[in-house]
Number of protein chains: 2
Amino acid sequence: MKAIAVEPGAGTPSLIDLPVPEPAPGEALVRTLRVGVDGTDDEVIAGGHGGVPDGDDRLVLGHEAVGVVEDPNGTDLEEGQYVVPTVRRPPPDVETNVYFERGEPDMAPEGAYVERGIVGAHGFMAEYFTSPADCLVPISADLAPVGFLVEPISITEKAIEHAAAARSAFDWQPESVLVLGNGSLGLLTAAMFRTTMGYDRVYCLGRRDRPHPSIAILDELDVTYIDSRETSVPEIPEVYEPMDVVYEATGYAKHAFESIEALAPNGVAALLGVPGDWSFEVDGGRLHREMVLHNKAVVGSVNSNRDHFASAIDTLAGLPSWVIEDVVSGVYGLEEYERAFSDPTDDATADDDTTIKTAVEFSNI
Amino acid sequence: MKAIAVEPGAGTPSLIDLPVPEPAPGEALVRTLRVGVDGTDDEVIAGGHGGVPDGDDRLVLGHEAVGVVEDPNGTDLEEGQYVVPTVRRPPPDVETNVYFERGEPDMAPEGAYVERGIVGAHGFMAEYFTSPADCLVPISADLAPVGFLVEPISITEKAIEHAAAARSAFDWQPESVLVLGNGSLGLLTAAMFRTTMGYDRVYCLGRRDRPHPSIAILDELDVTYIDSRETSVPEIPEVYEPMDVVYEATGYAKHAFESIEALAPNGVAALLGVPGDWSFEVDGGRLHREMVLHNKAVVGSVNSNRDHFASAIDTLAGLPSWVIEDVVSGVYGLEEYERAFSDPTDDATADDDTTIKTAVEFSNI
C-alpha cells in the first residue's frame, strides 16, 4: 500500500510502499479516507518536533484521520463503520499505564505515551492502518468527508473544558472571547465560539491583509478581525474590550504573556502553541500583580482524549456547513499529495497564499 | 474610643480618639477583641497600597479581626456572639452590586468594592466597629482568642479552591506541595497542607538561617525547609521533586514565572503576592511550551468571601494547637501597640527578628 512518510533531515515527505498492516487482537483494520495536514506536520517534517518509532528510520505522517472499518477483527466495531482515530498510544514497552486506564492519555507526561504520526509511532497517512478498537471513535457517514477536522476540533474542546474548569469555583459569565491566530485552528475555534457556543462578541487576531479567505470567513461569522500589526495584544482592551477568554493558537511566546493583559478581571487564557526557546523581557511585576488582583488564570493544554473527540463530532455536526467548506481549501489525491503540504520555501503569511486547511485523500468515500 | 490609624505619608500608625460608631439598620455593633497585623498593613502604612476613605484624611487600620457582638441592633446575631468580619464592602456610592449579591465580593473588579482597613473604608483597629450582620461570621468562644487568623487562612482557602478547580477537568491526584514564603501566611498554609489537608510531601521555601522559630515550626510539622539561597525555585524539581501544587506568598515577581518550572506535569501554581512593577528577562518560549506540553495552570487569587471564612474557621479548629501558639509570636495591648507593627527601619529578614505573627488586643476576651 502507499504511505506518506518523512525521513529525519529530508525536509519533505515522500510516497513509500508498505505492506498492508495486520490487526493484532483487539485492533481493527481501517481503510483510510482522508488525513488532514496541520502545523504539527510541518514541524515534524522540518525536524523541530516529533520522532521516528524505535528501530525505524522514517515516520509515516498523519494524526488527523478519518477512515472506514475494513475488518473489525472480532472487535465491537462493524465493517463499513466510519471512524476517527485518537492520537496517543501507550509507549511500546508497556501495555497501558494509569493515564490510559483513566481514559486521559492527554494528561500523560512525556515518556508515558507515543503520538501516532508525530512521535514514536507511525501515523495514519497510509491506505490502511490498524488501531485498538477503543481508540476509534465512530462518526456518521454524512460527516465522514470532513472527519479529519475532528482531531483539531477536539484539541479546542479540551482547551475550553480546562479553561472553563479553571473558572468553576465562582459564578463566571464570560461574554467576550479573543482567538489569537487565524490559521485553520483559530478559524475553527472562532467559529465554535460564535456558533455552537453562542458567544456574541468574538475577536480573532491575525497578521494578514484583506482580502484574504480567512478574514472573509471571520467577516461572515461576524467575528471582529484584529490585525496585530495595527493593534497589539496588550492594546486590545483599550481599543476593543477586555476579554473574558483568550485562546492562543499562534505559538508566538510573547502572546502567552500579553494574554494576561488582554484579559478582563476573572478571565482565563488557554495556551496551545508550542514555541521554541526565546528569551525576552517582561514586566513580570505588573503581570504577577495583575494575575492576583484580578483573579486571572492561564492554562496550558495539549492533545485531547476520546471524550473530546466525541464532543468534537457533535461540534462538527453543529458548525455551519459553509464554514467547513470555506476552511477546507483543498483535498488532494495521492497523485498530487505534495500540494497538501506547505512549501517550506514559502512564507506562510504571504498574502497570495490562500491555503487554509488541506487534506490528503487515500480512498474514495 | 481608641483606634489605630495612619495618615498618608506619616509612615507609622498612631493612636487616635474616635466616637463609638452607631450601627445603621442591618448592622451590629461589635466590641473588638484582637486584630492581626500582616504585610498588607505594612504596605498600607508605607503608602504603597490602599487609600483613605473619600473625604477623610486618615485610615483606621486592620482587616484581620475578631470581636464580640455588643449590640445586635435587631439583626439575627445575639449579644455575646463571637464574630469575624469579612473585609470587602460595596463602594460608598452603591448599595450593592452583582458580586456582593452573588456572595462573591472577592471576584469584584477594582472600583466595585472597598476593603476595610486597606482601601476606601476604615478597618477594625478600634475598640468598637459596626458591620452589616451578613459580613460577620460566627466563631466559637474557644477559637475567639485566635480568631484574627481566620482572615489570612480564608485567603488560602480561596486560593486552594481556585487552584483545585483549575484541575477539576481530569483525575488529578496531587501529592507534593511547595509553599513559597515562610512568613505567617506561608507557615499557616504549609501547616494546612500538612495537617488538615493531609499531604505527606510539603516543602516551604524561605531565606532565613537556622535556628529560626519559623523553621522550627516547619521541622516540627515535617515540612521540608528549602533555603532559596541554596536552591533556587527552578532547581527544586531536580534537587527535591517536581511539585503538583505551588503556592506563592512572597510577592517576589520572579517566583510567579519560576513556579512554572517547579511544577510537575498537570500541576497548578496559585499566586497571591502583589508585587510592584519590575521588568526582567524570562525564557518565555520555554515557559510557554512547558505550560502547554505539560498541561500546567497558573491562577491568581485575591481576597476571600464568607464561605472561605467559614472554611477557615473549620481549618483553624483542625490545626494543631501548638502550630497556632508558635505562629502567634506576640499579642500586644493598646499601651504597647507599636510592638505589633514591624519597625520600617528594620530589615524584616534579619535573623535576629523572631517575629512571626502579631496582633493588637483591644479588649479582654
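Glycine residues also receive a Cβ, built from the backbone N, Cα and C atoms like all the rest.
Bear in mind that TrEMBL entries carry predicted annotations, made automatically and left uncurated.
Listed by TrEMBL as binding substrate are A:THR40, A:GLU115, A:GLU151; the candidate from A:ASN303, A:ASN305, A:ASN364 that the record includes in that site is A:ASN303. Sparsest Cβ environment among the binding-site residues A:THR40, A:ASN303 (other Cβ atoms counted within 10 Å): A:THR40. Chain B comes close to none of the binding-site residues A:THR40, A:GLU115, A:GLU151, A:ASN182, A:SER184, A:ARG207, judged by a C-beta to C-beta distance under 8 angstroms. Spacing of A:THR40 (substrate binding site) relative to A:VAL274 (NADP(+) binding site) is 9 Å (Cα to Cα, whole number). Taking the mean position of the Cβ atoms of A:THR40, A:GLU115, A:GLU151, A:ASN303 as the substrate site, the remaining residues of that chain whose Cβ falls within 8 Å of it are A:HIS63, A:GLU64, A:VAL87, A:ARG88, A:GLY117, A:ILE118, A:ILE155, A:SER304. Across the structure, A:LEU272 (NADP(+) binding site) and A:ASN303 (substrate binding site) place their CA atoms 9 angstrom apart. With a 10 A radius on its CB, A:ARG207 (NADP(+) binding site) counts 14 other CB atoms from all the protein chains. For the binding-site residues listed here (A:GLU115, A:GLU151), the lowest count of other CB atoms within 10 A around the CB belongs to A:GLU115. The domain 'Alcohol dehydrogenase-like N-terminal' (A:25-140): residue composition by secondary structure is 18 helix, 43 strand, 55 coil, according to DSSP.
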